[in-house]
Ligand code: TXA
Ligand code: MG
């Protein structure tokens, strides 16, 4: 049985307490954050964390992010907290930034996928913070999707993937950012961007200067990637996604050509792009700017997939600001099938 708690209007502490009790009882609770929905469990309880991996079908060496509600909790999890961590947290927490630090012994290897480091963030969402506070536990939470599916930005997405399989889903409406947090490894010098996300790299550089970018961020994932998450196929819908990159006009022209070609071959085609593509079997107007596009990205992938199309043509955007995170997800979804025009 899964309890779905509606909390779209305002935080209801009575209901939060119900969900917090599940966390204390080593059960799973899905909850909204400002990025995507998370599938949460007590981060320091091995049995609870194992349930996350089981429910998601997640490979055991893909580590989880631990969510905290106040800065001091970082000292329960990290063995060392360098000055850069304090500066970044001061500036960007609560917010879509995850910091990788050396882990304390108390953090089980189950949570860190066997690594000596731990990923920590403070989410910028009242419900998430209330749940962490009320359960009085740091909460490990990957995105609340079955491994390999697009991340959930609506409670409906979590219901689709986990109804009947977890204890509780808190519905807080649509998530504000729509792509996951930015992951930065602070155990290397200079720090290294492991995953682009809701906080643009440019913002981080303004505060701490040089940041290296892991090669898997823009290109094909390489084997033995630093963030183990990068070596698995991610965000992939059932349909084959193809990214079309280039000048807007050229891209639009190419998409229209491709729609015709696919139709001739009786292949059902969906489009996610800025503007309307009525000729397609299904289309999702993805938005005018990078914020809108980030917010709509995963929903578009899920909806187009549900519409039963065989191919999804996706318009590429520039890889700066939130565009870096958007393109990272899109290229992965496409298995790196990219047409440049
Ligand atoms: O926005 C988010 O980050 C969402 C919400 C729920 O907070 N969570 C999320 O978790 O996206 P997940 O599990 O889907 O992605 C966690 C990422 C993975 O790429 C993983 O490899 C990386 O963080 N990661 C976690 N711990 C790490 C570590 N110790 N070293 C390197 N990478 C780590
Ligand atoms: Mg994920």
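The backbone N, Cα and C atoms fix where each Cβ goes, and this holds for glycine too.
No curator has checked TrEMBL annotations; they are predicted automatically.
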TrEMBL annotation of coiled coil - which of the ranges 241-268, 269-296, 297-324 it falls on: 241-268
Per TrEMBL, 35, 121, 141, 181 bind L-threonine; matching candidate in 67, 214: 67
Listed in sequence order, residues not in 35, 67, 121, 141, 181 with Cβ within 8 Å of the centre of the L-threonine site Cβ atoms: 33, 38, 65, 96, 98, 123, 128, 180
Close in space, distant in sequence - residue 67 (L-threonine binding site), Cβ under 8 Å, 6 or more apart: 33, 38, 40, 43, 120, 121, 122, 123, 128, 132, 138, 139, 140, 141
Residue 181 (L-threonine binding site) to residue 195 (ATP binding site) - Cα separation in whole Å: 8
Fewest Cβ neighbours within 10 Å, where candidates are the binding-site residues 35, 62, 117, 151, 181: 62
Neighbourhood of ligand 2 - binding-site residues from 58, 67, 141, 143 with Cβ under 6 Å: 143
